[in-house]
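Only one structure is covered here, and it is reproduced in the block below.
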Ligand code: AMP
């Protein structure tokens with residue numbers, strides 16, 4: 001069944017509570033990168049252009065003590081939002097009480113209000129009570145009482161059961177997905193629940209242990225699972241190959257063997273690697289086939305692997321990519337990730353999805369993102385979604 005979305009709602013004259021993801025990098029009150037605020041604009045604009053009153057809630061960072069609060073106030077975010085919308089935005093420096101309620105009651109249709117960081121509720125009078133993060137039932141109920149409708153557009157926290165997503169939703173007659181959330185459900189949810197074929201998954205990154213749930217779930221759904229990045233070498237060790245000083249999770253070698261037995265020829269491993277003497281961009285490096293020589297560590301896939309992976313990818317109708325092919329942060333080991341990203345951009349008949357976290361950072365840093373179908377905004381959330389788990393934040397959104 002399809003989820004209710006913002007365009008299904010009649011927001012005119014309504015107080016619309018909106019959980020957005022404004023968890024931007026911030027230092028000394030200065031916002032480092034406002035991508036997440038920009039990403040929330042379509043849903044906010046839709047609500048205000050249709051005569052709703054937009055009441056925005058988001059968390060920002062982690063609050064463990066009173067000392068954390070001043071540096072993680074939502075005030076600069078509200079100011080940036082006001083600039084981006086080119087209209088006044090009311091900031092309320094609290095998360096509950098008469099000041100907040102009065103400000104909401106004074107709103108006109110089309111107004112925007114941002115309340116203080118929802119995680120301020122995690123610390124009360126110096127005590128870590130985690131009312132937001134542990135979904136205190138009274139808090140969700142209280143926040144729900146402030147509005148008529150609820151829109152959840154914060155995919156990044158959808159894997160968490162917090163008061164500001166699940167708590168509010170469970171006290172509202174209807175909860176709708178915002179446009180961002182709708183896209184994540186369509187693309188990441190769709191890849192897991194109803195994938196087009198041939199479906200190829202590309203899984204990279206540092207550790208098998210982080211990705212085991214995803215590998216397991218996608219092996220059951222994909223036609224091929226390509227492995228790259230640091231976790232390759234745990235698989236190499238499981239095959240009895242030499243790995244030199246490459247990254248390895250010794251306690252996961254047996255697991256890697258089991259995965260390979262189960263997967264058969266579905267699993268595709270790199271055939272060559274860029275190896276270096278040290279974990280350093282300027283270290284002496286070279287490309288080798290197969291085994292990693294003593295004294296070297298593998299830091300990227302090599303050109304033969306790129307060619308083989310492209311061959312597997314060329315007929316794909318759906319590609320899900322999570323995790324870089326190498327240490328893309330260092331220019332000498334970024335080639336494998338860059339080439340795969342560029343190649344995905346040429347697959348005009350395929351839906352190409354990047355599954356969040358470091359892979360999102362990689363495609364953005366390497367400038368290959370705009371040719372892909374969907375780049376997820378969630379790290380942990382997209383991993384858990386790809387593992388096939390039910391995300392509580394999404395489960396709490398009403399069906400159409
Ligand atoms: P993850 O968060 O699991 O997706 O892992 C991303 C990190 O894995 C990035 O910081 C990469 O630098 C790192 N990585 C990728 N390939 C390798 C490799 N061959 N050796 C060590 N680290 C790697």
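Using the three backbone atoms N, Cα and C, a Cβ is placed for every residue, glycine included.
These come from TrEMBL:
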- 21, 22, 23, 36, 59, 60, 61, 62, 119, 160: substrate binding site (BINDING)
- 36, 119, 160: (2R)-3-phosphoglycerate binding site (BINDING)
- 211, 329, 356, 357, 358, 359: ATP binding site (BINDING)
Legend entry - Inter-residue Cα distance where the pair is residue 59 (substrate binding site) and residue 357 (ATP binding site), in Å: 18
Inset, instruction - Of 21, 36, 59, 119, 356, 358, the binding-site residues listed, which put a C-beta under 6 Å from ligand 1? Please answer none if none do. - result: 358
Inset, instruction - Under 8 Å Cβ to Cβ from residue 61 (substrate binding site), same chain, six or more residues apart: give me those in sequence order, or none if nothing qualifies. - result: 23, 26, 68, 71, 72, 117, 119
Inset, instruction - Translate the DSSP assignment of residue 329 (ATP binding site) into the three-state scheme. - result: coil
Inset, instruction - Mind checking which of 59, 119, 211 has the fewest other CB atoms within 10 A of its CB? They're the binding-site residues. - result: 211
Inset, instruction - Would you find the one among the binding-site residues 356, 357 whose Cβ has the most company, meaning other Cβ atoms within 10 Å? - result: 356
Legend entry - binding-site residues listed as 21, 329, 358, least Cβ neighbours within 10 Å: 329
Inset, instruction - Between the Cα atoms of residue 329 (ATP binding site) and residue 160 ((2R)-3-phosphoglycerate binding site), find the distance and write it as a whole number of Å. - result: 29
Legend entry - Secondary structure at residue 36 ((2R)-3-phosphoglycerate binding site), reduced by DSSP to three states: helix
Inset, instruction - Report, as a single number, how many Cβ atoms besides its own are within 10 Å of the Cβ of residue 36 ((2R)-3-phosphoglycerate binding site). - result: 20
